[in-house]
């Protein structure tokens, strides 16, 4: 007859598993104070909790010529440290692309303010999910999954706002990570089942 796990021990295992799951799901650790202040700052006022980096959007007279991201993460806005939130404004000129990338520490919730946008992500079973967004739509890119955004409209430049469940979601760009680092050409050629000259051509294209 199989031995039974004592009730208290089983309860302890369940509770421990719940804690582990919560830790795994959390993007940023909880802080033990109201907010975190950089070590080089002793006194802070309202200005510390204010970020003015987005004012350029209000006074912007022309749309950027290239895909542009304005970020408000803990790097640009230190008051976000420990608050598990960050923000980005994305501007897509005609026929521009935000290449396939991931955010290892947070999901991304995108709100399309103006224009139209083609978006998609790939899950861990290699299934592709795509959607055509119109102004006013929202789309969620799950945490850590490869995703992209593409403006297929040759005439109208859309603008979107993204929020993240981490003060520092991180970005891993697949083209740059694979072809603009020091990964050996032979390793990449074998991984993509191609030849070294093709890999070198891809690297040269990104370098330019």
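Even glycines carry a Cβ here, placed using N, Cα and C.
Here is what TrEMBL says about this protein:
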BINDING   98, 103, 108  oxalate binding site
BINDING   101, 103, 108, 147  Mn(2+) binding site
DOMAIN    67-200  domain 'Cupin type-1'
SIGNAL    1-26  signal peptide
| field | Inter-residue Cα distance where the pair is residue 98 (oxalate binding site) and residue 147 (Mn(2+) binding site), in Å | value | 9
| task | Just jot down the residues in the same chain as residue 101 (Mn(2+) binding site), at least 6 apart in sequence, with C-beta under 8 A of its C-beta; none if empty. | result | 146, 147, 148, 171, 172, 173, 174
| Spatial neighbours, same chain, of residue 98 (oxalate binding site) - Cβ under 8 Å, 6+ residues apart | 67, 69, 90, 92, 148, 149, 150
| remark: Same chain, |i - j| six or more, Cβ under 8 Å of residue 103 (oxalate binding site); the result in sequence order is 141, 143, 144, 164, 166, 169, 170, 171, 172
| field | Least buried by Cβ count (within 10 Å) of the binding-site residues 108, 147 | value | 147
| message | Using DSSP, what is the helix/strand/coil residue split across the domain 'Cupin type-1' (67-200)? | response | 21 helix, 55 strand, 58 coil
